[in-house]
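**Q** Dumping what Swiss-Prot says about this protein:
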| type | residues | note |
| --- | --- | --- |
| BINDING | Gly328, Pro329, Asn330, Thr331, Gly332, Gly333, Lys334, Thr335 | ATP binding site |
| DOMAIN | 701-776 | domain 'Smr' |
Amino acid sequence: MNTKILKALEFDKVKKQFTHFLQSEQGQMELNDLLPMTNQEKIERSFAEIADVAQIFQEYASFGFGHSQDISESLRRLELGADLNTQELLAVKRILQMSAELKDFYDNLENVDLQILDCLFEKIETFPDLQGSLQAINDGGFIEDFASPELTKIRHHIHQNEQQIRQILQEMLKKQGDLLAENLIASRSGRSVLPVKNTYRHRIAGVIHDISASGNTVYIEPRAVVNLNEEMTQARADERHEMTRILHDLSDRLRSQTDIIGNNAWLLGHIDFVRGKYLYMRENQASLPSLTTDQTIRLLSVRHPLLSNPIANDLHFEHDTTAILITGPNTGGKTIMLKTLGITQLMAQSGLPILADEGSKVAVFKDIFADIGDEQSIEQSLSTFSSHMTHIVEILQKANKDSLVLFDELGAGTDPQEGAALAMSILEHLRLSDIKTMITTHYPELKAYGIETEFIENASMEFDMVTLSPTYHFMQGVPGRSNAFEIARRLGLSEIIVAEAENLTNTDSDVNKIIERLENQTIESRRRLDNIREVEQENLKFNRAVKKLYNEFSHAQDKELRKAKLKAQEIVDKALAESDFILKNLQDKAQLKPHEIIEAKGKLKKLVPEIELSKNKVLKKAKKKRAAKVGDDIIVSSYGQRGTLTKRFKDGRWEAQVGLIKMTLQESEFDLVKSDKAQASQKRQAHLVKRTSQKAPSARLDLRGKRYEEAMQELDEFIDQALLNNMAQVDIIHGIGTGVIRDGVTKYLRRNKQVKEFGYAPQNAGGSGATIVTFK
């Protein structure tokens, strides 16, 4: 895009409005280099980035990362083999810190769905090791003592020397204070000295380093501290040497990472730039327009960014409209409207938010040309008309159907009749070339051209006849009219003179009356539109408030859910720890009897939180139908085992005989079984009983085709069930295969103290593919 348009529309001034929203020098550099784009995808990407930042600010109001310097020159020096000074290292350190902070911020983002910035955040790399090394440089650019053991040692020595020198000189101040010009310790050439009166210079032995301008004071280094000062000088030299070595070491560590650090710096600057664009949009009630492919432009309540308190106007430049012709007297705001269209297009094509309401649309032009204002060339001694015409000729040679052309006062600066004719001819050429054009003119001849010519639309600026001043409201579809007669009347010109003038221009008067009616209709339409927009704004505010409340509620709900999950996890962790303890105790026992298994499983059951069933009306009603009594058959819910009630205690608990074991149970821990249909009832109720089998316990376990871990788990459960059901003997089919499961079964049975004996089945019953187990 040609650079003349940027100067004509003061694009650089617009860019400066974004400066105070930026925090990084890299972001400022990106703003300085910003130019309008002609690639629609790139423009839409810029808008999507701003929309991403808007999402972030909606959830996190404090999104920012502080000031940072441009480190590109420092990185270039590193690549050339140079070492950085402390200030340069401090700038790099800040970039690394900001990278880590921004990466951490991104990793903790919630409730946002980033479309573009996701990939930028993910490209940021962190360098914890380098950050740790650069802690040797503090925020003041000073190398810390802990930067190296040698530096620690040197500075400790310097500190001790300083204390000794100060102590000696303090003693001399006390004892020989009357010989001194001032009672203080001075410094000359890096050495501690005393300001001695010239008349007593021979009373203090030492080295003279300086004499005051008046000659009354001599600065003497007492002999008692000469050696210490020599040591101090050497220590300072050692310190400088060690600091140089440290800077070289730190620079070497950074040298291999310059590309990545440089990319990080660019990413930080770019994100800062996008953040700045969003902040500008928020502060100025700007918006992100949509892009059209047919050169349609619809600007709603558009304002010029460089004006204070600008008047908002609507501008509709439809795809089938070739030109908009703004007519009317000067000082009405025609040029401002022309510039507003131009600068809005430049901002949008630069990926910047525009000062217009949401729902606005802009086109994407390959080039924008403008001839605005008085551009007379003094050096070329050209007249105003010649200057304008030279520029217009250049524009007509370069413009095409992908261009936008803006002409201010086309044809001005020459004879009005000839100027109007030239303006119409130029406009006709642009129309036939299908080039989008907006022009301003005060020539009345062009109004008729705009009315009669297809694809040309008239427009004007509103004038308040009460205050006799322009309102700067844009009236599209209404040509401008002269207000000379009405103004003359209001200013007191004789009615006879005004009436005579109106009679002399009777035709024009009729046209002006038609235009006046159009103006009134346009003003009324705008008033109604303003009312509609007020309602829309109220609805928008309401929708935003509802969305904010929903987000707050959603966040609170998520917080409570996370809290509940953490609490549940604590309960589960505690239960697992206790279950491990119980199982460990079982494994440690030499003998494991059936009642011990039941007791252990009872303890494990208690780890599961109990559900309050006392208020369950269905269960209450069901239990009332039949009360438990001694002799009833039951099924123990915890184990799915059948037993018989033998005794009821006063506290409501029951004693039950389950196999060979007596158990004490609550009523909620068992279900009644009708004695005459116990087996059938057990099957019917099995689906209601926790861990209850759907069929009678089997005396045979088939492990063929199982994985080793799965087989061992099933074997353990099978042996438990067999012991609980008082089985004397069971069969385990493991097959021959690789022998892994068979060996596992053998090892398990050898460890189990309840197994009396075991061995392979007879040849006709499976042989070495099955094992028969007999319990004690």
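Backbone N, Cα and C atoms are what each Cβ position is placed from, and that goes for glycine too.
How buried are the listed features, and what sits near them?
**A** Gly332 (ATP binding site) falls outside any helix or strand according to DSSP and counts as coil. Neighbour list (Gly332 (ATP binding site), Cβ cut-off 8 Å, at least 6 residues apart, same chain): Ser460, Met461, Phe463, Pro470, Tyr472, Gly480.
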**Q** Do any residues at least six apart in sequence from Lys334 (ATP binding site), in the same chain, have a Cβ closer than 8 Å to its Cβ, and if so which, in order?
**A** Ile326, Gly328, Asp408, Thr440, Met461
**Q** At a 10 Å cut-off from the C-beta of Thr335 (ATP binding site), count the other C-beta atoms across all protein chains.
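**A** There are 18 such Cβ atoms around Thr335 (ATP binding site).
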**Q** Across all protein chains in the structure, which of the binding-site residues Gly328, Pro329, Gly333 has the highest Cβ count within 10 Å?
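**A** Its Cβ has the most other Cβ atoms within 10 Å: Gly328.
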